[in-house]
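Participant: Sharing a structure below in structure tokens format, with a few things to ask.
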């Protein structure tokens, strides 16, 4: 067994996780390049466990979003899930957990900088989750994800995925199609006034106005303003 | 509540399922067209529950495949999962469960033939699973899927997804790249002999021979023969 004792210690102190079957954890952190370099060890690489971990994350995040945001329509849930369950996010979580330090890589891959590659770190995050699920069951994974992932959702790290224009459209179209227009009503004129001004209009009503350094930003502000007004009614 | 009593009876007698919260089941079978036609009923359509059910199916099928086929490499598991968790399969399962009869549709959608549309039936299969998961938990969904889905996997309904040529390639390339060639060695000559004959060759060894009504079929047979020989060694 090649697992770093520091890793086991960190899992225990930081996440209260103690694996029963350490060979699952080792498999989850072993890349095929390492397996190929050490045929005598008869190791498995992480890919099968990652296949499972991917689906575990998808369900845990889906269930969390479904219950946390009972008023979000499906489209918004799907966009938010896609922003959380993706290579960028998972590789960041893997780094935050220091998983990058403990991957078993072949020398060639090490020299190619694989240890810092997002696609590998994303895989390792999923395979860790798969191993944890097999070893400890769903509840322990939920606890881990509650510690590592959900606080970031609640702090708004993924809110870029839910842009205000789409939200406004979904709000207005709850009971059928509605034409929504963004109208540019003010452009930068002097070096002192660098702002664009946009109005959002639906069914001949101005729902909101917004300003920004470009048209897109002004549209987002207008949509956000409109949504806030509508939701207060 | 608009649920057909026949439906509840069928769920109970055929699947031993009795919902506690029937509003979840109704939501799972209500399409947006019906919601829009009956604003006074203040219904929810199935989309949020389907969002959840999709992830539930993905995990249950993944866990089943992972445990059922401990020797399959990840690529094969992924192909098999994709063949099971897809519109074609889910719509077929929905029909087999008679779910098509119980969907609440708006009149326009009904007239457009939506009730027989695979995309809708696939959605409904997922939303049923989502509702069952919320109402009864994971174990009941597993029991339902064991009855409706897994026997078909074991009967080979999805084995087309795991073609023998790919399997042979995966077997041979477990420890690095190997060149595999399919060589046509016999073509139809007379009306009595309509067979193509193909040899599969790797590292200068003929691993197997196959015959078929076309080149592709002969290659599959050759790969299957080769695999059987290799696995016996």
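Just so you know, glycine gets a Cβ as well, placed from its N, Cα and C.
Please treat TrEMBL annotations as automatic predictions, because they have not gone through curation.
Source: prediction; values computed, not measured.
For B:8-137, the entry in TrEMBL reads domain 'RNase III'. Annotation source TrEMBL lists Mg(2+) binding site at B:50, B:123, B:126. If you look up TrEMBL, you'll see B:54, B:126 marked as active site. Look at TrEMBL and you will find B:163-232 tagged as domain 'DRBM'.
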Participant: Neighbourhood of the Mg(2+) site (B:50, B:123, B:126): other residues with Cβ within 8 Å of the Cβ centroid, in order?
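Facilitator: Close Cβ neighbours, site residues excluded: B:46, B:47, B:49, B:51, B:53, B:54, B:122, B:124, B:125, B:127, B:130.
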Participant: Can you list which of the binding-site residues B:50, B:123, B:126 come closer than 8 Å to chain A, going by CB to CB distance?
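Facilitator: Out of B:50, B:123, B:126, B:50 lie under 8 Å of chain A.
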Participant: Counting by DSSP secondary structure, give me helix, strand and coil numbers for the domain 'RNase III' (B:8-137).
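Facilitator: DSSP composition of the domain 'RNase III' (B:8-137): 98 helix, 2 strand, 30 coil.
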Participant: By Cβ count within 10 Å, point out the most packed of the recorded positions listed: B:50, B:54, B:123.
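Facilitator: That would be B:123, with the most Cβ atoms nearby.
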Participant: Provide the three-state DSSP residue tally for the domain 'DRBM' (B:163-232): helix first, then strand, then coil.
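Facilitator: DSSP classes over the domain 'DRBM' (B:163-232) add up to 27 helix, 22 strand, 21 coil.
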Participant: To the nearest whole angstrom, what is the C-alpha distance linking residue B:123 (Mg(2+) binding site) and residue B:54 (active site)?
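Facilitator: Residue B:123 (Mg(2+) binding site) to residue B:54 (active site), Cα-Cα distance: 8 Å.
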Participant: For residue B:126 (Mg(2+) binding site), what residues in its own chain, 6 or more apart in sequence, show a Cβ-Cβ distance under 8 Å?
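Facilitator: Set apart from residue B:126 (Mg(2+) binding site) by at least 6 residues yet with Cβ under 8 Å, we have B:50, B:53, B:54, B:57, B:90.
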